[in-house]
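Student: Pulled from Swiss-Prot, these are the listed features:
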- Cys122, Cys125, Cys213: [4Fe-4S] cluster binding site (BINDING)
- 47-52: motif 'PP-loop motif' (MOTIF)
Amino acid sequence: MLQNQEISKKEKYNIDKLQKRLRRNVGEAIADFNMIEEGDRIMVCLSGGKDSYTMLEILRNLQKSAPISFSLVAVNLDQKQPGFPEHILPAYLEQLGVEYKIVEENTYGIVKEKIPEGKTTCSLCSRLRRGILYRTATELGATKIALGHHRDDILQTLFLNMFYGGKMKGMPPKLMSDDGKHIVIRPLAYCREKDIERFSQAKGFPIIPCNLCGSQPNLQRQVIADMLRDWDKRYPGRIETMFSAMQNVVPSHLSDVNLFDFKGITHGSEVVDGGDLAFDREEIPLQPAGWQPEEEDARLDELRLNVVEVK
């Protein structure tokens, strides 16, 4: 009995610690990119997956103690896929007392009509879904649209574009929508997928399967995801370092003439970003940048939280 109580205490401690880390990650992303401002009405796109559930939970948590006032409205798009459990999200959101809207649009029927059997339907489905969400945001008077993409999604997109698209382009934490009418934010931009997975399991979110449409998975994205997971296991810190690199771009040491004026360099030009080291190799840190062992991460989390609580 006593042993079970000790295990329960430890589990609760670990869940609390995990939630605090996710909360800190989301808070830092919001601050770094000015994602949420006074009076914002945030449309939280809820798919029924682990990422969007976690995003809603953390935003609700932050809302209680934030120095600014903002409101949340959860939106789910019921695409009329066979077997979609349409009762789950309304019941969950009503239990939470969260304002919500279920948008019913038969995009499934449109996609099935346009795309041959066995082909990936994600591209067309995504375009249709995007248009409906933009329209819904306008109808609800939302000032921001929050999507549940996390750090791993952002890195996957970067490598997909590098390997298959020939460009260095990731997934922005905050940007104007392609129709020029909405601001899209990704509050989970600094969050690790493995943290979200653990948090989702601990909270027991009522997960809705994402493959109800029967579409074939995006094999290219799956290959990239498997590669990153393998690197994370074999080379601790590599994922963190790559994400840090996305925040520390040096245009003068790349080859994009639109980002840096290489043609304008002449004798007498100033030295930029340390200049060219010719044959000398740049010193590389022994430890990956932006990474710290799990134990140290936990210790620093505790220290930061204590400081915040004292304040």
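Cβ atoms here come from the backbone N, Cα and C positions, even for glycine.
How about a rundown of where these features are and what they're close to?
Tutor: For the motif 'PP-loop motif' (47-52), the model gives a mean pLDDT of 96.
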Student: Go through Cys122, Cys125, our binding-site residues, and report the one whose Cβ sees the most other Cβ atoms within 10 Å.
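Tutor: Neighbour-count leader: Cys125.
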Student: Using DSSP, would you call Cys122 ([4Fe-4S] cluster binding site) helix, strand or coil?
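Tutor: Note: Cys122 ([4Fe-4S] cluster binding site) is helical by DSSP.
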